[in-house]
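Trainee: One structure, as structure tokens, below. Some questions next.
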């Protein structure tokens, strides 16, 4: 990540000299030396003069802020650049982006998101470059659409600077455009079998079911999944009377592989969300009680409280 002057192109190289963020931090000095009066004034000019009840402060990025705890710097400013004033609010809103980050849809996803959710402590706010936003959006929105989401209004790219100092990426080879790092597998089926990752998917989904699948069909560019048996773990928007005739759809999944569906003899953990009148599959795992990570997930699920973030993608 670097701080530079924005370039209009999306290829990855910002015009002018890219400064290493570490150097910028060293130049800024210790947390106690930040000019918070100037910082507050600048934030106000960027965010329509919103009044904050707390003055800006430099705080540690907590380990449980999973989106940004390993982003490459250790401290962030509150309020952040998305108008979140408390760490609890930051965690709540940022948690919904962790599953997308795990899809590796663009190499700049974490830098872009964390420049807003957990902005680095400098003497004035620095926003991500518009071209970085556009590059991440163009690579990640197709993945988001598998889950029934679109690029949210709060991250609309024309809000960010294109002719001013801004946060940029410095790729290993800046002559090449960033490429999505994901596989051709349907994104909801490309899941890591780790208890933490399954919990994250559970929290990002509206409902969860233990399911035996009767058949899988192609329909209007989607995969249509017809259950044989199902047991609700988390009903969310599903009404009990709808449960009997429930069918699921793997959005845009007609032609991408979902290896879990190659063998329907197993029970599955199915997670999803309702979009309009459809119930979309957002994650699928083989129901395997012999697997250590799956067993750990089942134990944690009983007492785990998920944050609420329904408003994030509006």
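Each residue, glycine too, has its Cβ placed from N, Cα and C.
Residues or ranges marked as disulfide bond in Swiss-Prot: 58-121, 68-114, 105-140, 129-166, 133-157, 186-256, 189-258, 203-306. Marked as domain 'FZ' by Swiss-Prot on the basis of sequence analysis: 53-169. Taken from Swiss-Prot, the feature domain 'NTR' covers 186-306. Annotated N-linked glycosylation site per Swiss-Prot: 173, in sequence order, evidence recorded as similarity to another entry.
Help me see these features in their spatial surroundings.
Mentor: Under the three-state DSSP scheme, residue 58 (disulfide bond) falls in the strand class. The Cβ of residue 58 (disulfide bond) has 19 other Cβ atoms within 10 Å, all protein chains considered.
In sequence order, 61, 76, 94, 110, 113, 114, 117, 118 make up the list of same-chain residues 6 or more apart from residue 68 (disulfide bond) whose Cβ falls under 8 Å from its Cβ.
Of all Cβ atoms in the shown protein chains, 32 besides its own fall within 10 Å of the Cβ of residue 129 (disulfide bond).
Shown in sequence order, 130, 133, 134, 137 are the residues of the chain, 6+ apart in sequence, with a C-beta less than 8 angstroms from the C-beta of residue 157 (disulfide bond). Taken residue by residue with DSSP, residue 157 (disulfide bond) is part of a helix.
When other Cβ atoms within 10 Å of the Cβ of residue 186 (disulfide bond) are tallied across all protein chains shown, the result is 23.
Counting only same-chain residues six or more apart in sequence, the Cβ atoms lying under 8 angstroms from the Cβ of residue 189 (disulfide bond) belong to 250, 253, 257, 258, 259, 260, 261, 284. According to DSSP, residue 189 (disulfide bond) sits within a helical segment.
Long-range C-beta contacts of residue 306 (disulfide bond), restricted to its own chain and to partners at least six residues apart, with a cutoff below 8 Å, comprise 202, 203. A coil conformation is recorded for residue 306 (disulfide bond) in the three-state DSSP classification, outside any helix or strand.
Counted with DSSP, the domain 'FZ' (53-169) comes out as 47 helix, 14 strand, 56 coil.
Confidence over the domain 'NTR' (186-306), given as mean pLDDT on the 0 to 100 scale, stands at 91.
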Trainee: 10 Å Cβ neighbour count around residue 256 (disulfide bond)?
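Mentor: Excluding its own Cβ, residue 256 (disulfide bond) sees 17 Cβ atoms within 10 Å.
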Trainee: Hey, of the disulfide-bonded residues listed (166, 203), which one tops the CB count within 10 A?
Mentor: 166
Trainee: Taking Cα atoms as reference points, which of the disulfide-bonded residues 58, 121, 129, 166, 186 is nearest to residue 105 (disulfide bond)?
Mentor: 186
Trainee: Which of the disulfide-bonded residues 58, 121, 129, 140, 166 has its Cα nearest to the Cα of residue 256 (disulfide bond)?
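Mentor: Going through 58, 121, 129, 140, 166 one by one, the Cα closest to that of residue 256 (disulfide bond) is 140.
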Trainee: Taking Cα atoms as reference points, which of the disulfide-bonded residues 58, 129, 186 is nearest to residue 140 (disulfide bond)?
Mentor: 186
